[in-house]
Amino acid sequence: MVIGLLGEPVWLTAISVGMALLLGAAGWHKLRDTLGFTAVLQSYDVLAQGLVRPVALLLPWLEIVTAGGLLAFRQPFVVWLAAALLLTYALAMAQSLLQGRRIADCGCQAGARRQAVSWPLVWRNLILMLLTLNLLLPPSGRILVFYDWLVIGCVVLTGSAFYLLANTLIANQNSARELSL
């Protein structure tokens, strides 16, 4: 029964809109502070020095274009691109944590709100990636009606609230951990 609901058009549309909002906002924040994002990207130490600046300029646009693609097309290559971005971020964070690097800003919001890299952020990105991959499922043949769009709006708002709550809890956990050191 639950598996059948995964292809529900309301659910798929809500995921698509939510992920588009998330990627679009992340890209926009990075564009607003390119120098700050370049510094954050450099702190991960996963790119050759000469690639940091070009990647810092390209990545926000890639996020914004992917967000637009999730809203407009929701084609498999766009879904795979969004999932690949989230997986790349999770792997970069995990590598930094495994190497013992303490990174004060994950770069998720490019300085709008600093959040230290931590394992909960890695898990958050992996969960978001799995949620995004759900968009590869074929939708049921049901056509969306007016009421469905109201439900989609409520699901997106609720999902956004949960996302913000999770980020706040993760940030507070990291802050409490830093205070105890």
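For all residues, glycine too, the Cβ spot is worked out from N, Cα and C.
Look at TrEMBL and you will find 12-137 tagged as domain 'Methylamine utilisation protein MauE'.
Counting residues 6+ beyond its ends, the transmembrane segment (12-31) has Cβ neighbours under 8 Å at 37, 56, 59-64, 66-68, 70-71, 74, 82, 85, 107-112, 128, 131-132, 134-135, 137, 139, 144, 148, 151-152, 155-156, 159-160, 163 in the same chain. What TrEMBL lists as transmembrane segment is 12-31 (among others).
The transmembrane segment feature in TrEMBL is assigned to 51-71 (among others).
The annotation transmembrane segment is assigned in TrEMBL to 77-98 (among others). A Cβ distance under 8 Å defines the sequence-distant neighbours of the transmembrane segment (77-98), meaning residues of its chain 6+ beyond its ends; these are 19, 23, 44-46, 62-63, 66, 69-70, 106, 108, 117-119, 121-122, 125-126, 128-129, 132-133, 135-136.
According to TrEMBL, the feature transmembrane segment maps to 119-137 (among others). Taking Cβ pairs closer than 8 Å, the transmembrane segment (119-137) reaches residues 6-7, 11-12, 15-16, 19, 22, 70, 74, 76, 79-80, 82-83, 86-87, 89-90, 93-94, 97, 106, 108, 166-167, 170, 173 in its own chain, all 6 or more past its ends.
Sequence-distant neighbours of the transmembrane segment (149-170) (same chain, 6+ residues past either end, Cβ-Cβ under 8 Å): 10-11, 13-14, 17-18, 21-22, 108, 115, 118, 120-121, 124. The transmembrane segment annotation in TrEMBL covers 149-170 (among others).
Among residues of the same chain six or more beyond the transmembrane segment (51-71), those with a C-beta under 8 A of the stretch's C-beta atoms are 16-17, 19-24, 26-28, 30-31, 34, 37-38, 41-42, 78-79, 81-82, 85, 135. The DSSP breakdown of the domain 'Methylamine utilisation protein MauE' (12-137), given as helix, strand and coil counts, is 97 helix, 0 strand, 29 coil.
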